[in-house]
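*Asks:* Supplied in structure tokens, the structure appears directly below.
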Amino acid sequence: MTKTLVFGHKNPDTDTICSAISYAELKKAQGADIEAVRLGELNSETTFVLDYFQATAPRLVQTVANEVSEVALVDHNERQQSANDIDEVTVTAVVDHHRIANFETSDPLYYRAEPVGCTTTILLKMFRENEVEISKTVAGLMLSAIISDTLLFQSPTCTEEDKVAAEKLAVIADVDIQTYGMEMLKAGADVSKKTVAELLLDAKEFNMNGNKVEIAQINVVDVNDVLNRRSEVEALMTQNVVDKGLDLYLFVITNILTNDSIGISIGSKTSVVEEAYGIKFVENQAPLKGVVSRKKQVVPILTDTFAK
């Protein structure tokens, strides 16, 4: 039997890690030889989740082609967000809830993408469709992913399907959604001990009409916890622009209590962000009123504006 590695995107978040673990558990129950791995360091929220449900973190890998010939992707499909040597392996399956871009294969594959708030919402359906029982630990991880990606159902990405899935998983995991959810989000929003690099850890790269764009996001309970370190943040952002040849680096600082964000923009295409939102950056900073979702409120809007 051919071994498969399953993983989410670089700079992994809670959905990416928990989806990889959950997908692997589903496939193992069906007899597959599969291992969940990760492409980057864990953030504080994900660490809290794994500790809470006593789950083991997936193994960190730098490349995959040196280990296997087949992989499965969760929570992403765009090649620049995936393993560096993704073109050297065969992608046999994708389970995702994002746009499809910069992705093609030579052979047919299992591809499941749905416009829901979280990958594990889709995975819950797959467990049920295949009549595979979900353990308390895996249910807790899947629930945590939904809470994380939907900001406890406050994000515009959240659907009724996500809410129903969360309720079902909470019963199995034996937790109160609101109590656990706030505890989890606050653990992830504590930036007091984070390095500048860790503040920018949740970053994704996109190709927008030939422009190289990176968008980072962090959730906080007080934006000043990040803005007080703005000079350090901007210095690292500027270095990333130079090192990666970025046209735009946008950092979205989201207040999970007010559901608003502050944007910091570095790069030659900052004017595109200004046009997209009708704002003006002053010293690289501007308010993003009501913006909490990179997937739904940032990426599509910037993609459309770059295409003009």
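Glycine is treated like the rest: Cβ placed from N, Cα and C.
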*Asks:* Name the residue, out of Asp15, Asp33, Asp202, Asp222, that Swiss-Prot lists for the same Mn(2+) 2 site as Asp75, His97, Asp149, please.
*Replies:* Asp15
*Asks:* For Asp149 (Mn(2+) 2 binding site), which residues of its chain lie six or more apart in sequence with Cβ-Cβ distance below 8 Å?
*Replies:* Asp13, Thr14, Asp15, Gly117, Cys118, Thr119, Ser155, Thr157, Asp162
*Asks:* How big is the Cα-to-Cα gap, in Å, between His97 (Mn(2+) 2 binding site) and Asp75 (Mn(2+) 1 binding site)?
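*Replies:* Cα-Cα, rounded: 6 Å.
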*Asks:* Tell me the Cβ neighbour count for Asp75 (Mn(2+) 1 binding site), meaning other Cβ atoms within 10 Å of its Cβ, over all protein chains shown.
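*Replies:* Within a 10 Å radius of the Cβ of Asp75 (Mn(2+) 1 binding site) lie 29 other Cβ atoms.
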*Asks:* Quick one: give me the count of other CB atoms within 10 A of the CB of His9 (Mn(2+) 1 binding site).
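*Replies:* By my count, 27.
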